[in-house]
Amino acid sequence: GFLTAEEKGLVNGLWGKVNVDEVGGEALGRLLVVYPWTQRFFQSFGDLSSADAIMHNSKVKAHGKKVLNSFSDGLKHVDDLKGTFAKLSELHCDKLHVDPENFKLLGNVLVCVLAHHFGKEFTPQVQAAYQKVVAGVASALAHRYH
């Protein structure tokens, strides 16, 4: 596996305290605010006219929750991310034509949100482990492009 046993422990230890629904909506919302060009994939989501509108948009929250539940699933199969995300990779790459760079951006935003929520608990070691995970997930999602 690409994570050491210690890194897995750090990742799972923190993940057990994550409110997946809340953090998912916040991460996706921030992605759309901070990197506005990502909004073009969400035109059917209604009002994305301001940061406030985005952060309170129920469709953004719902999709963010879905995204983070998939991520949660990935953490259970961290040694087979390609397999775990094969179907989602197909959907996002072949059908939706999402630029794979966006998966990396969302991963980095997720790390920011976790740091924001957990403060001192989000140590450099924990961050390093999470950066590895989000990079692995982004790469698994971009798999169909390679």
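Counting starts with 1 at the first residue shown.
Just so it is clear, glycine is given a Cβ too, placed from its N, Cα and C backbone atoms.
What Swiss-Prot records for His63, His92 is heme b binding site. Annotation comment: Swiss-Prot describes 2-146 as domain 'Globin', evidence class sequence analysis. Residues annotated as phosphoserine in Swiss-Prot: Ser44. What Swiss-Prot lists as N6-acetyllysine is Lys59, Lys82, and the listing cites similarity to another entry. What Swiss-Prot lists as S-nitrosocysteine is Cys93.
Features as recorded by Swiss-Prot, highlighted on the structure.
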residue	record	Cβ within 10 Å
Ser44	phosphoserine	6
Lys59	N6-acetyllysine	15
His63	heme b binding site	18
Lys82	N6-acetyllysine	13
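According to DSSP, the secondary structure content of the domain 'Globin' (2-146) in residues is 119 helix, 0 strand, 26 coil.
Ser44 (phosphoserine) sits 9 Å from Lys59 (N6-acetyllysine), counting Cα to Cα. When pLDDT is averaged over the domain 'Globin' (2-146), the result is 87.
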